[in-house]
């Protein structure tokens with residue numbers, strides 16, 4: 001019964017690779033079972049483990065960074081909240097300063113105004129009293145002197161007039177009587193003439209014509225009475241002393257000042273609640289940590305690292321598994337090559353083979369791919385040059401050198417892959433830095449807005465306080481100066497009325513009025529002008545808060561610096577990890593550097609040997625060991641050995657394996673397994689014997 005394909009393969013595997021009592025080395029089956037432990041797969045696995053350890057290190061640092069970031073963000077929120085509340089704290093302090101300054105200013109202003117009012121009041125009263133007293137005395141003396149002169153003059157005039165009248169009246173009376181008789185005679189003549197013309201009798205004109213009777217009886221009794229001197233004496237006694245005016249003016253002057261003093265004292269006793277009127281910006285609270293979602297960001301970072309690690313390790317594991325295939329294929333080819341080599345060596349006189357050629361064969365068997373590379377990359381036209389170039393490539397790709405090269409290459413690969421994981425962390429960092437990068441601008445905007453609002457409100461308050469001071473406090477000064485001016489006008493009018501009441505219609509009226517105007521009225525008008533100037537300038541201007549004084553550049557800079565605290569934690573981690581990665585890169589590059597240094601030494605050696613004609617290589621002889629006897633001289637004509645074809649047993653059929661008696665491999669002791677060469681029968685080498 002024919003065997004199935006699986007059974008045939010199993011039979012072949014067991015017969016070709018099962019250990020026997022004649023075999024002490026691992027055969028093909030054992031060797032293939034270790035192909036997964038090849039240097040490529042192990043290197044990739046080590047790189048995967050390194051990446052996993054790198055990720056675990058990053059995860060641990062990220063956990064610490066998350067905790068630090070949350071604490072730093074909370075501290076940053078508190079710090080930024082305080083910075084955003086700078087207008088509140090500034091306004092609180094400034095409002096206290098402004099309120100205290102205004103209170104002290106108003107209190108000092110009231111006290112100063114009270115002192116000024118008291119001083120001005122007493123000065124005005126003193127000036128008015130001085131003027132009134134001085135010019136009252138002056139007017140009194142002038143009037144008394146004038147009246148005394150007038151009285152003395154009037155006495156002499158009265159005495160002269162009285163004496164003259166008593167002497168002249170009789171003589172005048174005689175003349176007047178004669179004149180009256182003449183006039184009456186003329187009147188009778190006119191009556192007679194009329195009677196003649198009209199025919200009336202004299203009796204008919206009785207009652208119609210009055211006759212002249214001139215008498216000086218009244219003049220006899222005329223005399224200037226002595227009462228005229230009495231009236232002049234009374235004028236002297238009636239000269240005003242202006243005591244009433246003085247008292248009235250003093251009362252009028254004191255009244256407004258007393259009112260102002262009373263109001264100011266009441267204001268001074270009542271403290272100003274300026275602080276309650278000043279506005280204070282509210283405290284601000286920054287809450288960007290909640291918007292930053294720090295745990296979520298770090299979770300995304302860890303998730304990204306895990307995903308990247310899984311992808312990279314999966315690719316490395318797949319590549320490691322894939323590398324098993326060419327290694328297994330290479331191992332199988334090496335086994336086959338050993339079998340072919342054994343067949344070849346069975347036809348060669350080993351004793352006559354050169355030692356170097358045999359080592360060349362062993363090297364080609366053990367390092368097949370290196371042999372392929374050195375044959376492909378060999379240079380030179382002469383044999384010794386090609387041998388030297390092949391030696392160079394074999395030297396720099398020898399296992400020890402190749403191990404150093406692979407360590408450097410795997411180190412660079414690990415560096416690049418770890419750098420890829422780190423780039424994932426860097427990209428995730430952007431989502432954490434975006435919320436905090438705007439903190440500086442937000443803080444500046446909030447501070448500027450709140451300070452601007454506070455500045456406007458405070459300036460409005462200062463405007464109102466300025467108006468209040470000018471209207472209520474200094475308004476009293478304006479009112480008092482106006483009252484003083486009114487009082488002075490009243491005083492001047494009262495004084496003029498007093499002068500008019502005494503000297504009106506007298507010769508002294510103009511003189512007294514002129515003296516009063518010159519010496520009193522003009523002085524008081526100057527005082528009134530001074531009071532008017534005080535009224536015009538009795539106001540204050542409080543300074544305003546300027547926006548330029550509230551600089552926010554330092555605030556913006558400090559806020560921007562504090563806004564980087566959270567992201568700086570990850571940035572420091574990245575910087576530290578990058579430093580470690582570059583240290584690994586430097587180690588890998590150092591390995592490559594050593595390998596390149598050895599390559600350079602080998603190259604120098606080859607160049608030196610290529611110039612040396614006394615090499616061990618003989619240009620007249622070729623060293624070939626490609627299934628041909630290399631012991632013969634190249635100048636001797638080649639004699640082909642008889643060709644022996646190895647019998648081809650039936651595939652996978654144990655019962656068709658040649659018997660030991662007919663098996664051509666049986667005579668060689670090195671042949672342990674008679675059935676081990678059947679697999680190569682499809683391409684069995686041609687054995688040549690010289």
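Numbering starts at 1 and runs along the chain as displayed.
Cβ atoms are placed via backbone N, Cα and C, with glycine included.
According to Swiss-Prot:
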TOPO_DOM  1-39  topological domain 'Extracellular'
TRANSMEM  40-60  transmembrane segment
TOPO_DOM  61-111  topological domain 'Cytoplasmic'
TRANSMEM  112-132  transmembrane segment
TOPO_DOM  133-308  topological domain 'Extracellular'
CARBOHYD  162  N-linked glycosylation site
CARBOHYD  221  N-linked glycosylation site
CARBOHYD  265  N-linked glycosylation site
CARBOHYD  273  N-linked glycosylation site
TRANSMEM  309-329  transmembrane segment
TOPO_DOM  330-403  topological domain 'Cytoplasmic'
TRANSMEM  404-424  transmembrane segment
TOPO_DOM  425-586  topological domain 'Extracellular'
CARBOHYD  456  N-linked glycosylation site
CARBOHYD  485  N-linked glycosylation site
TRANSMEM  587-607  transmembrane segment
TOPO_DOM  608-690  topological domain 'Cytoplasmic'
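Shown here: features listed in Swiss-Prot, placed on the structure.
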residue: 265; record: N-linked glycosylation site; contacts (Cβ under 8 Å, 6+ apart): 114
residue: 456; record: N-linked glycosylation site; contacts (Cβ under 8 Å, 6+ apart): none
residue: 485; record: N-linked glycosylation site; contacts (Cβ under 8 Å, 6+ apart): 528, 531, 532
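The list of residues near the transmembrane segment (40-60) in space but at least 6 beyond its ends in sequence, with Cβ under 8 angstroms from a Cβ of it, reads 302, 305-306, 309, 312-313, 316-317, 319-321, 323-324, 327, 406, 410, 413-414, 417-418, 421-422, 425, 573, 577.
Taking residue pairs at least 6 apart in sequence, the transmembrane segment (112-132) and the transmembrane segment (309-329) share fewer than three C-beta contacts under 8 angstroms.
Note on the topological domain 'Cytoplasmic' (61-111): DSSP counts are 50 helix, 0 strand, 1 coil. The average per-residue pLDDT of the prediction over the topological domain 'Extracellular' (425-586) is 73, rounded to a whole number.
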